[in-house]
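Okay, structure first, notes after.
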Amino acid sequence: MIQSLFSHHLFACALTLILAVSFSGNTTRCSAADEYDYDLVHSSVSFKARHLDISWIHGRFNDVSGKFSIDRETPANSTFALTIKTDSVDTANAARDEHLRQPDYFDTKQFPTITFRSTSVKPIDGGYEVQGDFTMHGTTNEITLVLMGGKEHDIMGKKRVAFSTELSLKRSDYGFDKNAIGPIGDKALVMIDCEGVKK
Amino acid sequence: MPEPLLYAKTFVIAMVASALFVLAITKLRVVSAFRLNLVCIIAIAIGVGIGFIAMRLQWQWPAASALDRFLTLVLPAVLVIESITNHQRVPDRIKWGVRFCFALAAARILIHQSVYLTDPDDGKRWQFDCILLLCAGMVTAVWWSLGRLSRRSQDTVSISLALCMSIQSAGVSVMLAGYIKGGAVAIPLTAAILGTALTAGYAIRRSQDKLPLYPDATIGISVVSLFSVLFIGHFFGRLSAADAMTLMIAPTLCWISEVPVFRNGSKWGVVIVRLVFVATPLMVVLLASKREFDRNYAPLVEKRGVNIFFEQTTPAYCTALKCSPLP
């Protein structure tokens, strides 16, 4: 009887210890990664593309959302995600924007979003090197973003962090019709400046 | 970017390829109604295929866009369905049941994975399902009425010509609404159907076969092609619903030739009446589309004649400006 009680007590202690260790481990991981929401007011996703190979046309996407979690202790655990609504394309010319929404270009009814989901994060000097899946026009390619920044700022009790990056894309790599590339050019530069507000 | 010379070349190549195939087969042997239908279906497939190659039209597999789905799923499916349902042993009820189901499926396939299904407004999904049902009903009604007219008047050629005019007008309207590739697809379709219909008409005239020869398949493929171009142009491009409906219904105006005043006239008179009555609403839509194009895309056209979207600069101009390559 005493032996049975003792063994029960021992088992309960062991279980508590295992649960406590595993729970405390999770808690540590949760607290290490800070989660941020994309701040649309202080961020921008803009692009420029060649026109007739003599100049640049600039544009931006006005409807962007995303979130990122930054683990300062174990940067590999950090994640970055961004979703851009293609319908919100804005090149400061309503007629051109309408044309860009058509299936010859973004095909916004078929492909309403452009997304980026990180798959691996590596710290570099002054930021992070983020590999991830970039999906545009129904085609997903793996790309590497060099996110510069990451400095935190506390304003009115809310923590903010910001990153900047630029990437060069070939539209033909994303299922855009090569015949429709014409005077606008195949390559486009995308500039992302995003600020996150801690949840 | 529209390329008129390429389009003209595509049209001629597709039309000649289809016509040559029909001529070659019908010259070799006298064919029955069912076999002539099969010949027409294969001729259209050949013409369309060669036309798309000549036009360097790109599509993806697995199909990603509505146009890809039309080219890789809907168009081959209608060719197969028409080659089966046109057999004399297939009862009319089954034939039209299959055609209605196909029209419904085609609409659903074209709209697959688009915002209309993935991100519908609250409570709008059932309304959209009703629209798909109405579309399928309209396609079947147009298909049935033209098929019936073809048998009643024993003339498929003028109906096919009317359908070709409608498909080409639909293509131009879709292009004028800003979707160039979607409109360009109509060119090989029109050319292949036209080449097939004209040579099939010629084959029927010289046939000694006592069987009634109505290549109904041409009508079915034309109606589905017309519907697909308009459906894609409206739901993915900026073609208005009114224009799309007008272009879809216009071929049924061929029935005006059955009014006693026209029906008792000469055979050519009937053909002219059909084409004139069908062409009238098509012209109205085309003029309205051109006006909309001028209104919507005029800001994109520079005064000196250099169009931002539709013209390329000359290499000399680029060299003079020392264009720098992309970083």
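Note that Cβ sites are derived from N, Cα and C of the backbone, with glycine treated the same way.
Within the chain carrying the transmembrane segment (B:6-24), a Cβ under 8 angstroms from the stretch's Cβ atoms is held by residues 39-40, 42-44, 46-48, 50-51, 54-56, 184, 187-188, 190-196, 198-200, 202-203, all 6 or more beyond its ends. Under the heading transmembrane segment, TrEMBL lists B:6-24 (among others).
Same-chain residues lying 6 or more positions outside the transmembrane segment (B:36-54) and placing a CB less than 8 Å from one of its CB atoms are 6, 9-11, 13-15, 17-19, 21-22, 25-26, 71, 75, 79, 82-83, 86, 187-189, 191-193, 195-197, 199-200, 203-204, 213, 215-218, 221. Sequence annotations record features per position, and here TrEMBL assigns transmembrane segment to B:36-54 (among others).
What TrEMBL records for B:66-84 (among others) is transmembrane segment.
The transmembrane segment annotation in TrEMBL covers B:96-114 (among others).
With a cut-off of 8 Å between Cβ atoms, the residues of this chain six or more beyond the transmembrane segment (B:126-146) that come close are 96, 99-100, 103-104, 106-108, 111, 116-117, 120, 159, 163, 219-220, 223-224, 227, 231, 245, 248-249, 251-252, 254-255. What TrEMBL records for B:126-146 (among others) is transmembrane segment.
The transmembrane segment annotation in TrEMBL covers B:158-180 (among others).
Feature annotation from TrEMBL assigns transmembrane segment to B:186-205 (among others).
Summarising the annotation, TrEMBL assigns transmembrane segment to B:217-237 (among others).
Under the heading transmembrane segment, TrEMBL lists B:268-288 (among others).
The listed stretches are B:66-84, B:158-180, B:186-205; of these, B:158-180 has the most Cβ pairs under 8 Å to the transmembrane segment (B:268-288). Two recorded stretches are said to be in contact when at least 3 C-beta pairs lie under 8 angstroms, sequence spacing 6 or more; the transmembrane segment (B:66-84) and the transmembrane segment (B:186-205) fall short of this definition. Outside the transmembrane segment (B:217-237) by six or more residues, the chain places 37-38, 40-41, 44, 65-67, 70, 74-75, 78-79, 81-83, 85-86, 99, 102-103, 106-107, 110-111, 114, 116, 135, 138-139, 142-143, 146-147, 150, 156, 159-160, 163-164, 166-167, 170-171, 173-174, 177-179, 182-183, 185-186, 189, 193, 196-197, 200, 244, 247-248, 251 with a CB less than 8 A from a CB of the stretch. Counting only same-chain residues 6+ beyond the ends of the transmembrane segment (B:158-180), those with a CB under 8 A from a CB of the stretch are 1-2, 146, 149-150, 186-187, 189-190, 193-194, 196-197, 218-219, 222-223, 225-226, 229-230, 232-233, 236-240, 243-244, 247-248, 250-251, 253-254, 270-271, 274-275, 278-279, 282, 285-286, 289-290, 292-293, 296-297.
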